[in-house]
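Q: What follows is a single structure, and I will ask about it in a moment.
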Amino acid sequence: MRSYRVPMAKASDMTKSAGVPSYTVPGLTPEEGLRVSAILQNRLNALTDLHLTLKHVHWNVVGPHFIAVHQMLDPQVDTAREFADEVAERIATLGVAPIGTPGAIVADRDWDDYSIGRAGAIEHLAALDLVYSGVIADYREAIEEVGEVDPVTEDLLIGQVGQLEQYHWFVRAHLETAGGELKSAGSHTEQQASAAVDGSTDAA
Ligand SMILES: [Fe+2]
């Protein structure tokens with residue numbers, strides 16, 4: 001029977017085959033267009049991963065804060081999908097083919113899959129705090145790099161990360177004590193963060 005799935009290596013090769021485009025936006029060299037698009041491809045991978053991960057949490061959250069967190073996450077999913085679309089179309093505008101297939105994302109990302117299955121709301125949010133921290137820190141680096149050659153792409157990413165930072169606050173507000181401390185502070189893995197708030201139904 002024919003397999004639906006293709007080997008991941010082929011998808012990865014697709015990404016690596018991106019060469020210097022024959023045209024790019026006016027004012028950039030084709031080499032600069034390629035450099036900016038490579039940075040954007042990494043953001044596209046992160047955003048696609050993020051909106052899938054947020055849906056996974058939307059489906060797997062249980063417990064007393066179920067409906068609040070379940071419903072809070074859908075606008076975040078929609079926004080991450082919109083941002084992925086903006087980034088992919090910027091790559092195409094730069095003359096390079098954006099890669100949106102799952103295998104390419106898995107092959108090219110340098111982070112692991114989200115690791116929490118069915119769990120309470122606060123446990124998931126403690127893990128999502130780390131997810132957003134990673135995505136946002138990488139945005140800051142991307143902004144710094146593209147800012148050297150393309151202020152238009154820099155502006156796009158700055159606008160996006162401001163919204164992501166607000167969503168990060170929505171997540172963290174559930175983990176915050178009245179004294180302003182994060183209950184999962186100091187955790188370096190999703191499992192650690194989730195365990196740090198295990199059994200907590202009210203972080204206040
Ligand atoms: Fe839903």
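Heads up, the Cβ atoms here are built off N, Cα and C, so glycines get one too.
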Q: So which range, 21-43, 182-204, gets flagged region 'Disordered' in TrEMBL?
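A: It is 182-204 that TrEMBL describes as region 'Disordered'.
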Q: Averaged over the domain 'Ferritin/DPS' (38-177), what pLDDT does the predicted model reach?
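A: Across the domain 'Ferritin/DPS' (38-177), the average pLDDT comes out at 97.
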